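Let me begin by presenting the structure, written as structure tokens, before commenting on it.
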Amino acid sequence: SIMSMVVVLLLLLPCALLCLFSCAAAQLTPDFYDKSCPTLIPTVRAVLQKAIAKEPRIAASLLRLHFHDCFVNGCDASLLLDDTPSFTGEKGAVPNNRSARGFRVVDRAKFAVEKSCPGVVSCADILAILARESVVLVRMPRTFLHLKQ
């Protein structure tokens with residue numbers, strides 16, 4: 001339901017923001033791709049809007065996916081790696097197996113970005129942008145949450 005999606009977003013937002021702001025020491029900037037891939041944000045947003053229109057819960061799932069990626073060894077997109085015969089990735093690990101969702105949206109966004117900016121934008125950055133844009137696209141009015149006085 002919409003209410004459960006809002007609750008999940010409200011609970012995970014501080015954690016996701018902490019992960020995003022912890023990278024500040026690396027001197028990252030919001031305009032990093034403005035020259036090398038100016039279509040990045042609109043491209044990712046278009047993919048995300050289609051996904052949210054199909055399934056509104058995917059916004060919360062993408063925020064959670066980003067949180068879980070950042071939680072272990074930093075925001076490195078390691079959660080997106082598939083298992084191979086010689087490697088067991090985080091995607092199939094017990095805590096994520098059958099609970100982490102949104103991988104197809106990340107794949108679609110990466111594919112779309114690669115069309116316009118091949119080899120420029122990392123998967124970790126695409127996942128971070130998807131998480132941020134998910135919050136932006138499904139934001140609820142502040143009056144939605146009623147607290148006791």
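Yeah, the Cβs are placed from backbone N, Cα and C, and that goes for glycine too.
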Selected from CYS37, CYS70: TrEMBL disulphide partner of CYS75:
CYS70
TrEMBL annotation: CYS37 disulfide-bonded to which of CYS117, CYS123?
CYS117
For SER78 (Ca(2+) binding site), what is the tally of other C-beta atoms lying within 10 angstroms of its C-beta?
16
Does CYS37 (disulfide bond) have same-chain partners at least 6 apart in sequence with Cβ under 8 Å from its own Cβ, and which are they?
VAL113, SER116, CYS117, VAL120, VAL121
